[in-house]
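Feature annotations, courtesy of Swiss-Prot:
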| type | residues | note |
| --- | --- | --- |
| ACT_SITE | Cys111 | active site, nucleophile |
| ACT_SITE | Cys114 | active site, nucleophile |
| DISULFID | Cys111-Cys114 | disulfide bond |
| SITE | Asp105 | site 'Deprotonates C-terminal active site Cys' |
| TRANSIT | 1-72 | transit peptide |
Amino acid sequence: MALRLSVSSSHGPASSPAISTCRPAACGRFPALLGGGVASQRRSLTVVSGPETRAVIPVRSSGSDTATVGAEAEAVAVTGQVTEVNKDTFWPIVKSAGPKVVVLDMYTQWCGPCKVMAPKFQEMSEKDQDVVFLKLDCNQDNKSLAKELGIKVVPTFKILKDGKVVKEVTGAKLDELIQAIETVKSS
């Protein structure tokens, strides 16, 4: 499920299309959709999920080609897709998942086994609508969260229930991961 984003400005109508799509956790930065180069324009981002508006969020822009959504953005656990998280969005999304099982794929861009598992993890997310699938790039920016979660190798899959890590699978072991998820779901 994608969210429809509409950006508006108090400085008049947009000169380029005002609608884009973005995954919830990836919406921290998105292409600026308004024309003009006025520094620090006040804009708003309307998040629409299904037939109704979910939120109107203030957006700051410094005249570059990107805008940053403020901290007011709501973290939403989404099923049916893999959502990219970071050190700031992970725990709020886990909390919003409530009693649902959450599976976190901790990977790096350069890891061969991680690249092999990525499409399989995506396929799992599309098939299992009862589980929230997340992925975390264990880069320098997310080092603090990776350390907090105790990662030693990549890929590492953390399975959480009620906000707590209850199982872990290390390595590109698809069958073991599927079994671990089923075990946690049935407990």
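Just so it is clear, glycine is given a Cβ too, placed from its N, Cα and C backbone atoms.
Per-site Cβ counts within 10 Å over the active-site residues Cys111, Cys114 peak at Cys114.
Annotation for Asp105 (site 'Deprotonates C-terminal active site Cys'): spatial neighbours Val82, Cys114, Met117, Ala118, Phe121, Phe133, Leu134, Lys135, Leu136, Pro155, Phe157, criterion Cβ-Cβ under 8 Å with sequence separation of six or more.
Secondary structure from DSSP puts Cys111 (active site, nucleophile) in coil.
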